[in-house]
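Written below as structure tokens is the structure these notes are about.
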Amino acid sequence: QQRFPQRYVQLVIVADHRMNTKYNGDSDKIRQWVHQIVNTINEIYRPLNIQFTLVGLEIWSNQDLITVTSVSHDTLASFGNWRETDLLRRQRHDNAQLLTAIDFDGDTVGLAYVGGMCQLKHSTGVIQDHSAINLLVALTMAHELGHNLGMNHDGNQCHCGANSCVMAAMLSDQPSKLFSDCSKKDYQTFLTVNNPQCILNKP
């Protein structure tokens, strides 16, 4: 059991206009949903000694501030640009995740830049609000944050003591909240090689 150094991620979550519509413009409902997601993410990341703090929740209640499309790569690229040119100029944070009610093409429910944590454009992910079960959306965001933290998808040789681990390529119908040995190794390597500075400070 390796000991990981304590790290802190100041997180901004943006709910797009489709989310606003899906939840009938009820910002309290969206806020509750998002807080539950962040609580679960903290539970998942506790063994890695990473603490997430929600420093901002932005709801695009009038209109989207980027073009959100079913092509997940395009939406992620737009969101990354918007984070760099707009969000970062008015809100201090380490990472931003877009929560959208659009249906991404194919089986995709999320996308993020691998090893992007602390980079201007690439410390981002996009998450489809794909389930009425909060845990499943939280696991998707935890997975995409894993990519930002240097983790790749689990291969057959990766184990976590459950059927399926957080970084499995496909969300299992029996998902677990556990990271595989491979994910832990990837994260350790990311810390050592990239030494991301923005997650050192306690919020």
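Glycine is no exception: its Cβ is also placed from the backbone N, Cα and C atoms.
What Swiss-Prot records for Gln1 is pyrrolidone carboxylic acid, and it gives experimental evidence as the kind of evidence.
What Swiss-Prot lists as domain 'Peptidase M12B' is 7-203, and the listing cites sequence analysis.
According to Swiss-Prot, the disulfide bond annotation covers Cys118-Cys198 (among others), on the basis of experimental evidence. Spatially close to Cys198 (disulfide bond) yet at least six residues away along the chain are Asp94, Met117, Cys118, Ser123, judged by Cβ distances under 8 angstroms. In this structure, Cys198 (disulfide bond) is part of a helix by DSSP.
The annotation Zn(2+) binding site is assigned in Swiss-Prot to His143, His147, His153 on the grounds of a curator's inference. For His153 (Zn(2+) binding site), other Cβ atoms within 10 Å of its Cβ number 18.
Glu144 (active site) counts 24 other C-beta atoms within 10 Å of its own C-beta, drawing on all protein chains shown. DSSP assigns Glu144 (active site) to a helical segment in the three-state reduction. Under the heading active site, Swiss-Prot lists Glu144.
Secondary structure from DSSP puts Cys182 (disulfide bond) in a helix. Annotated disulfide bond per Swiss-Prot: Cys158-Cys182 (among others), in sequence order.
In the three-state DSSP classification, Cys165 (disulfide bond) falls within coil. Here Swiss-Prot flags Cys160-Cys165 (among others) as disulfide bond.
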Sparsest-packed of the listed binding-site residues (His143, His147) - C-beta count within 10 angstroms: His147
From disulfide-bonded residues Cys158, Cys160, Cys165, Cys182, the one whose Cα lies nearest His143 (Zn(2+) binding site): Cys165
Those disulfide-bonded residues listed as Cys118, Cys160, Cys165, Cys182, and which of them has the most Cβ atoms within 10 Å of its own Cβ: Cys165
Shell of the Zn(2+) site beyond His143, His147, His153, same chain only (C-beta within 8 angstroms of their C-beta centre): Ala112, Val114, Glu144, Gly146, Met151, Asn152, Val166, Met167, Ala169
